[in-house]
Amino acid sequence: MGFFSLRSVSASTYHWGNVEYTKRPGCLVDQFSVNLRVHCGSNNDPPLEIASHCDCFAYLLKFCTTSVMNPTARIPSRTRTLPSLSLCASLLLLLALARCASAAEPYLPSDDNEVLETLPRSLLSGGDELTSMRQQLADDPKNLDLARTVASRYLQMGKQDGDPRFYGYARAALGPWWDAADAPADILKLRAKLKETDHDYDEALADLWQFVKQEPRDAQAWIEISNILRVQGKYDEALEARNKLSEFARSVEIMYSNVPLLAVTGNAEAALDLIQQKLPEARQRYPGTVPWMLTMRAEISRALGRDEQAEESYLEGLGDDPGPSYLMRAYTDFLLDRDRANEALELVRDHTADTGSLLRAAIAAKQVGDEKLADEYQSQLENRFQEIRLRGSEPHGRFESRYALELENVPLLALELAQKNWQKQKEARDTRNLLEAAIAAKRPDAAKPVIEFLEKYGTQDVQFDKLLNQIEGK
Amino acid sequence: MLFRSNTSTQRKQANDPRNQFTCLRCVLVLTLFGWHSCTNQAHAHKPSDSYLKITGGGEQLAVQWDIALKDLEFLIGLDTNHDGDITWGELKSKRESIADYALDRLEMSADGIACNLRVAELLVTQHSDGAYAVLQLEADGPGDATLIEINYDLLFELDPTHRGLVLYNNGSVSSTHVLSPNSRMLELRTSDTSLWSTLRDYIWEGIWHIWIGFDHILFLISLLIPAVLVRQQGQWEPVEAFRPASKEVLKIVTVFTIAHSITLWLAVMEYVTLPGWIVEATIAFSIIVTSVNNLWPVLPLSGWMIAFAFGLVHGFGFANVLLDLGLSSAALAVSLFGFNVGVELGQLAIVLVFLPIAYALRGTKFYELVILKAGSVVIAIIAALWMIERIGNYAILPF
């Protein structure tokens, strides 16, 4: 057992409690137990107890991975010189959050028939054909048609199975053009999608802008542009893209861009009307679009406070045998907000391979009072986050901030994470996470940019109204 | 706000000849939305990783390599009966191909000697994204190797997002490293070098602390200002030669160093602890005293004596910084030494800049009036404000 102190990040602003360092068997990396106290403001103010003796993982601190792992732990001078002390705060708070990834001990299966892994169905159908195409491509990596086919097939498989490995294979197929500034149009479009799956919105947009210069009447690209801009909260630009699309596209295509934009820019009623108007036709002619329309109808109805209509749409959209989807997660939140955690848990408990569903399952189990199950889900989540961090990436801020707030109960960290995430994307859940964290952390000032944003676009959402009232102390 | 496209519907539609055109468009749009839903969906799992755990400290290096079954299926093909399930029986039967394929893509050397890697056992484990094959490797490298070189080339050609995660542990030192297509080689230095990097880091911290510590700079400068002058009949006169001036400076700096090293050590070892604000306020007070003494040399002490007396106080200040950086007993001596060396280097830099200028200007009215007199007044005022801040816990100055 080693011992070191991380007592103060800056002489007068943040002081840290002691950090105790232990090694435990069965952990991937050394484990730390932390007792953190943060003094904000003057030295005389009582410390704010952040977390006491929670176990954590060193490698969480991406910036100081190696130095923290060594007993000679220290915060790198770079972070101390940054004006943002909150960065330091979040770094160390991250430390407080992590727990030991219980990487299971290797074992020797006793039964030859023990199923270790189930492969995605998409691999079975057409997997061989794809493999042979991939091999052809390996011999002729600059074959544009082949590369495009292989990449889009893998992209589709990634989308179906939610396994990012397939995106990696798609990226490999685009290898010769991955960094090329003058990639052919078709490649640009695929590359944009891959970057988007990686939440690399700006890069994805850059590729799409370049693409529409060459193919100005490609509806798909314009829909994509307006959607990425909307996710980023750049509604004015998104509306411009929608207008461009409206000049030539069919009404069903325009709808894809228009409905979600209207919903967040003060025209939720109009968005709802548009769906109602298109739905009968869609049921007849494009049944594939119906789930999306139901999702939109459910979410917009919920935002307008029409719970009955919302629930009807959620249930219809889910159908008889739902898989994990945006709709399922949204409906789970709907149930959780209405003290129906039992139903929420039933809905997601078979889909915990999906991280968003796992998060909700943990929250639901906690609300139901099943602590054992909640703990189990929570440690699975921690495990996933840690393994993502270990490879040098970051877990999705939307999940991570909610995890910090609702499961770990560390509002300051949740706020930091939510703010960081909100810089990147500003969809309803992202906004809500920030507002809730600001309330829990007693930092109404942090909600100011969000309030301004919502006011600017007249976003309608009864959930936000409730939170804003709380912030304004009404 | 999107959904995952319903692929069975897509297929049904695509098979319906009546609706070919509309269907194509729908599929296009649906595909698009399916893709876009990823922005909302976030990763259900993580991209491909393999875990290379190297354990030192024993007689021989122990290596455990966890490779995802999904990756092995992609690389070698494990699902021999094509039923979509990978069973232990199927995995076991591929042991030789897995070993050949994987070991072809991993080279390791310990202290410059190539290790002979051999799969001793095939086991199974779970990571957050599914089942992994565990290759327990026998490596004939010594457990106390100080330099382990790894050359890793699994999957990179096929999946540029793949990462090889190296987790090293020898009981006292552990570290993690990420191997990627852009860095496939790793030179893993075990314990010895970490002392070097600790030393280097702390030297840098020492220099940095002097650089950002205005109070230490001002104290040093107010000590150095009169070093190029001599007091004769109540008047300051310029020194005649560079040698005595530099000797005086050397004496001041050395004495200051000795003094603060003593208290730095006492405080870091926790033999003596003083409340932070007292130390900080006394440092400010020390600057007031020296600068006032430059105006009216009332103290019956010469420069080096002042440097020693107040050096003791500054040592406590340095100690607080060093404690804040975090210390462990393992590397205590090294970090203490390194930090001290850094502080000296920082001081030396100030002296090297200040002394030639002061020497050149020593005989001028400018030096006497502006630098010595006005300079000392300004320094005294700043230090006084610091002192008020530090006692009363206010913020007056922006630095």
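Cβ from N, Cα, C; glycine included.
Note that TrEMBL annotation is computational and uncurated.
What TrEMBL lists as transmembrane segment is B:208-229 (among others).
The list of residues near the transmembrane segment (B:249-268) in space but at least 6 beyond its ends in sequence, with Cβ under 8 angstroms from a Cβ of it, reads 220, 223-224, 227, 274, 303-305, 307-316, 318-320, 322-323, 327, 332, 336, 339-340, 343-344, 347-348, 351, 355. According to TrEMBL, the transmembrane segment annotation covers B:249-268 (among others).
What TrEMBL lists as transmembrane segment is B:274-296 (among others). Sequence-remote contacts of a segment are chain residues at least 6 beyond its ends whose Cβ falls under 8 Å from one of its Cβ atoms, and for the transmembrane segment (B:274-296) they are 215-216, 218-219, 222-223, 225-226, 267, 306, 310, 313-314, 316-317, 320, 372-373, 375-377, 379-380, 382-384, 386-387, 390-391, 393.
Feature annotation from TrEMBL assigns transmembrane segment to B:303-323 (among others).
Annotated transmembrane segment per TrEMBL: B:329-354 (among others), in sequence order. Counting residues 6+ beyond its ends, the transmembrane segment (B:329-354) has Cβ neighbours under 8 Å at 172, 194-195, 198-211, 216-217, 220-221, 224, 249, 253, 256-257, 260-261, 264-265, 268, 318, 322 in the same chain.
According to TrEMBL, the feature transmembrane segment maps to B:366-388 (among others). Through the fold, the transmembrane segment (B:366-388) approaches residues 215, 218, 221-222, 225-226, 228-229, 236, 238, 280-281, 284-285, 287-288, 291-292, 294-295, 358, 394, 396-397 of its own chain, all at least 6 residues removed from its boundaries and within a Cβ separation under 8 Å.
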